[in-house]
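If you look up Swiss-Prot, you'll see GLY10, ALA11, GLY12, LYS13, GLY14, THR15, ARG123, VAL132, TYR133, LYS200 marked as ATP binding site, on the strength of sequence analysis. What Swiss-Prot records for THR31, ARG36, LYS57, LEU58, VAL59, GLY85, PHE86, PRO87, ARG88, GLN92, ARG156, ARG167 is AMP binding site. Per Swiss-Prot, the feature N6-acetyllysine maps to LYS192; the stated evidence is similarity to another entry. What Swiss-Prot lists as region 'NMP' is 30-59. The annotation region 'LID' is assigned in Swiss-Prot to 122-159.
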Amino acid sequence: MRIILLGAPGAGKGTQAQFIMEKYGIPQISTGDMLRAAVKSGSELGKQAKDIMDAGKLVTDELVIALVKERIAQEDCRYGFLLDGFPRTIPQADAMKEAGINVDYVLEFDVPDELIVDRIVGRRVHAPSGRVYHVKFNPPKVEGKDDVTGEELTTRKDDQEETVRKRLVEYHQMTAPLIGYYSKEAEAGNTKYAKVDGTKPVAEVRAALEKILG
């Protein structure tokens, strides 16, 4: 089962990716993790990636595709994989197709922008322990304080409204066109496309995914 998750940052993909991995026994392939691992391993592709990254440039689509191909040939991907953070653009999706990387399911997590802003901007973190709260959906017992230690909660830089809105604009410009792309692929019988209502509670979204994936 080869799956791509689409959806804006904060749409709940991470939570459900965890569930899919456990339920169907497939690994999550994050291009960021993959690049770091390749650089660390010192492989031929890793060296190329390191040179590009050290020069402060973006790794080319060709190189990422080559890394994806190498990664999905590994033993733990024999039953499938879950692609996270890739493809981000239509040229990347085309390159994947040309490289013969086929996908069984494309799942779109649909959540309105304002709700995403609400979800992310309301997050509060206890940095030492990694505990995460939300001012509206999962508030601490005492406002602004960690339940266990009573220490101050903070807001991550990535969770500030300006940053979130910037990431959403980027998503709509670059990644949202993939929704149309994969809808057409599904019409042509090349993959299955499903839209999931990401505004629903976690358990309901999970049940919807089970229904789609079987």
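Cβ from N, Cα, C; glycine included.
Recorded features from Swiss-Prot, shown on the structure.
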{"residue": "GLY12", "record": "ATP binding site", "contacts (Cβ under 8 Å, 6+ apart)": "PHE109, VAL111, GLY198, VAL202, VAL205"}
{"residue": "GLY14", "record": "ATP binding site", "contacts (Cβ under 8 Å, 6+ apart)": "none"}
{"residue": "THR31", "record": "AMP binding site", "contacts (Cβ under 8 Å, 6+ apart)": "VAL64, LEU67, VAL68, ASP84, GLY85, PHE86"}
{"residue": "VAL59", "record": "AMP binding site", "contacts (Cβ under 8 Å, 6+ apart)": "LEU35, ALA49, ILE52, MET53"}
{"residue": "ARG88", "record": "AMP binding site", "contacts (Cβ under 8 Å, 6+ apart)": "MET174, THR175, LEU178"}
{"residue": "ARG123", "record": "ATP binding site", "contacts (Cβ under 8 Å, 6+ apart)": "VAL132, TYR133, HIS134, THR155, ARG156, ASP159"}
{"residue": "LYS192", "record": "N6-acetyllysine", "contacts (Cβ under 8 Å, 6+ apart)": "ASP104, TYR105, VAL106, ALA186, ILE212"}
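In this structure, VAL59 (AMP binding site) belongs to neither helix nor strand by DSSP; it is coil.
Other Cβ atoms within 10 Å of the Cβ of ARG156 (AMP binding site) number 13 in total over all chains. For the recorded site, ARG123 (ATP binding site), the DSSP three-state label reads strand. Confidence across the region 'LID' (122-159), taken as the mean pLDDT and rounded to a whole number, stands at 94. Below 8 angstroms of C-beta separation, not one residue of the same chain at least six residues beyond the ends of the region 'LID' (122-159) sits close to that stretch. LYS57 (AMP binding site) and GLY10 (ATP binding site) have their C-alpha atoms 26 Å apart, to the nearest angstrom. Within 10 Å of the Cβ of GLY10 (ATP binding site) there are 24 other Cβ atoms, across all protein chains.
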